[in-house]
């Protein structure tokens, strides 16, 4: 039996699901770092792995709440919710890292920062990333290490919409060198160059975290994710198998973005099932042994509207049933602009 804690507004609901060892697709091993990784150091092997599959589903708190500073106590421990000591955002249980050193990107005005494109990024070593990550280094860290970079995507073809400039400029970069190439040839070379450059940047960043805190469970927020259809999702995610082979944690997002009254249970169930299901597939096909899945979950909108209790039960309960090791309850600093009010509502 697993007790799944669902936090929704002032109510904490315990959803009980029956799970046996066979319910889990998590591979057993002594360490999530026991197999080799691509393009980076995984650090020393260790004897300590995840709890056995029949251990409680873990709910991890990742909110910048500051509630204790105003003497408002959130009794997370009473409900088995795991949190960093002193409620720091970067702590011993979880670190969601937004600053991991320089990244190439195109800003809102079209300026190329740090080269703009991964292909033009010129960083001879990982020293700056190691320096920044080292500021939050915790000796014997065995928590969740999550790198969060969302300005462009690792898979070339998924840089569409507001990210389309990355495809356009990648093609232009090839055209400057090969003006005689056909449009098809330009796009083919642009994609190849993008994938190679993005791979080096992302694996180097991941390796920096793994070398500094080798017993942590390292991966990228939003990876893996789903796309238009299951075949399309599988095809695209298989292109970055190098990322799954190096990651020792998988951190997809099952955030529900919507007017809280507008989505049906079936729509949310399909979304959660597809997203967690793809993470399980990636885990089975590529991941090092004992790599955990921790979907990111929000229990309120950016407008501070709490999600429906039934929808939270779906998000957490289905994640547990499908084999995730736990979930991460994430909260935005935007929700805490008036943290006195927010803390009172949570309490």
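In case you wondered, yes, glycine gets a Cβ from its N, Cα and C as well.
Looking at 4-26, 27-49, the range tied to region 'Disordered' in Swiss-Prot is 27-49. A simple way to gauge crowding: the CB of residue 67 (disulfide bond) has 19 other CB atoms within 10 angstroms, across all the protein chains here.
Taking only the Cα positions, the spacing between residue 150 (active site, proton donor) and residue 343 (disulfide bond) is 28 angstrom.
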